[in-house]
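Annotated N-linked glycosylation site per Swiss-Prot: ASN46, in sequence order, evidence recorded as sequence analysis. Residues or ranges marked as O-linked glycosylation site in Swiss-Prot (evidence: similarity to another entry): PRO71. Annotation source Swiss-Prot lists hydroxyproline at PRO68, PRO71, citing similarity to another entry. As annotated by Swiss-Prot, region 'Disordered' applies to 63-86. Residues or ranges marked as signal peptide by Swiss-Prot: 1-22.
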Amino acid sequence: MASKALLLFVMLTFLLVIEMEGRILRVNSKTKDGESNDLLKRLGYNVSELKRIGRELSVQNEVDRFSPGGPDPQHHSYPLSSKPRI
């Protein structure tokens, strides 16, 4: 009888642990954004001004980036006579 009770206790404990680890928490992205805005306001920042500055900087900093032709095939190559010793 004691072994059945112990087995039942272990099974229930195991199921509780699995349930706690498998819980899915849904987080609304608007909530996170609202919390960060509230924090910035409490720290004394003007949130609308920060957003305006961010938009202006993103428009001003549009940079045309390009690759100069890919990797240099000779970068890691070496002549067979000068093979490094390991």
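Including glycine, each Cβ sits where the backbone N, Cα and C put it.
Let's see these features in context: how buried, what's close, how far.
Under 8 Å, Cβ to Cβ, and six or more positions away along its own chain, ASN46 (N-linked glycosylation site) finds no residue.
Contacts of PRO71 (O-linked glycosylation site) defined by a Cβ separation under 8 A and a same-chain sequence distance of 6+ are given as none.
Secondary structure at PRO68 (hydroxyproline), taken from DSSP and collapsed to helix, strand or coil, is coil.
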How many other Cβ atoms sit within 10 Å of the Cβ of PRO68 (hydroxyproline)?
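Cβ-Cβ neighbours of PRO68 (hydroxyproline) within 10 Å number 6.
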